[in-house]
Amino acid sequence: MSREPRADDRTTESERGNGHVRGPEDERGQESHREPEHTESTLHARLAIVRREWRSLRSEKTIVLALAIQLVIAGFSGFLVVGLVSLYDPGAVDGQEMTVALTGDDRDALLEVVHDREAIEPRLYDDRGAAYADFDRRAVAVVVETNRLENGRLSIVVTAPDEGIGTTLLISELQETFRTVEFEERQANADRLESPPLSVPTTSATPYFGFTYTVLVPLLLFLPVFISGSIAVDSLIEERQRGTLELLRVAPLSFPDVIDAKLVATASLAPLQGLAWLLLLAFNGTAIANPAALIVFVAALALLIVALGMGVALYAPDRRQAQLLYSAGIVGLLVVTSLLPEHPANTVAKLAIGSETTTTWLLFPGYVVAGLGAYLLLQWGLERVDQAAL
């Protein structure tokens, strides 16, 4: 029984005539050839979104101004630290001379030390009531009552005005005075100790060192993190309100790919800024002991904060509520970090100085895990969000 040849038979015969037989291996080869092309196009699309996000930052005047302020602080830290340290430690700046009333039965313990302070002019009072009367008339700035107790301890009671910049400066000066008196008291009673006391440096530490590492460096590293989170919230909410998020999904990217690209664009800003600020600080003479660890620390926090911000922006109905929820989340994180054995600001300061402890290195990977956990939580939320409603 004969039959007419079909089209597939002719195709098969033609392929056999050309010496090639098409089979499952060829189809798999074509699929494997298309996979790299798809991966490459997806990568280019992600990079395009990243570049788009970075270009859009130039139109944000608030962000540009914040970057400029950070640049000035980091670039001219050597000059600014002198002025800023007067707010951090008013005693570091010479102030006007203030009159201090000294009363009590052991004024000599303070008198010699007070004479060495240029900002303090001592005035002796035999009558305690007269000293407080002059204080009420503002004839003296503060009353210091010094008495020797029965057990040999020195009791010092200070009466000062409730508020005012003068009080702040005076208290700072008195603190240095009392430290000197305490040191002399300990030296005088050293024979009562079972072991000799440790030698104390004769010169006091400069306040600029403490201010630079405990205030300036954490400020320059934490501020970019919070700015990146705020950018992420505004950017995603704006995409939703304008309807451009739907246009991005038309590209050869899935919705999670679009969010990932926006996350990379905003989260990468913080470590890049942190690296730039550390380089400027080093250029100005501020040595940084562990720059690589600090950059990793900033990157982990940026991933945590940006993932939190994007999660809020996906579920919040508008920009105002999104920013409110984001701010509340940041406050909540700050409360949680206050319960840690070591505050993140202290971790940054210790890593910058080079005095990190075992607690520092134990908490360090915890921040990295927290950042990765926030990212995975965001991915989990993307799978359950109603994309059509966005």
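Just so you know, glycine gets a Cβ as well, placed from its N, Cα and C.
Feature annotation from TrEMBL assigns domain 'ABC-2 type transporter transmembrane' to 95-337.
According to TrEMBL, the region 'Disordered' annotation covers 1-40.
Under the heading transmembrane segment, TrEMBL lists 62-88 (among others).
Positions annotated as transmembrane segment by TrEMBL: 211-237 (among others).
For 258-280 (among others), the entry in TrEMBL reads transmembrane segment.
Long-range contacts of the transmembrane segment (292-316) within its own chain (CB-CB distance under 8 A, at least 6 residues past either end) are made by residues 221-222, 224-226, 228-230, 232-233, 235-237, 240, 259, 262-263, 266-271, 274-275, 278, 322, 325-326, 329-330, 333, 344, 347-348, 351-352, 364, 367-368, 370-372, 374-375, 377-378, 381-382, 385, 390. The feature transmembrane segment is assigned by TrEMBL to 292-316 (among others).
Sequence annotations record features per position, and here TrEMBL assigns transmembrane segment to 323-340 (among others).
Positions annotated as transmembrane segment by TrEMBL: 360-378 (among others). Packing against the transmembrane segment (360-378) from elsewhere in the chain are residues 259, 263, 293, 296-297, 299-304, 307-308, 310-311, 340-342, 344, 347, 350-351: each is 6 or more residues past its ends and has a CB under 8 Å from a CB in it.
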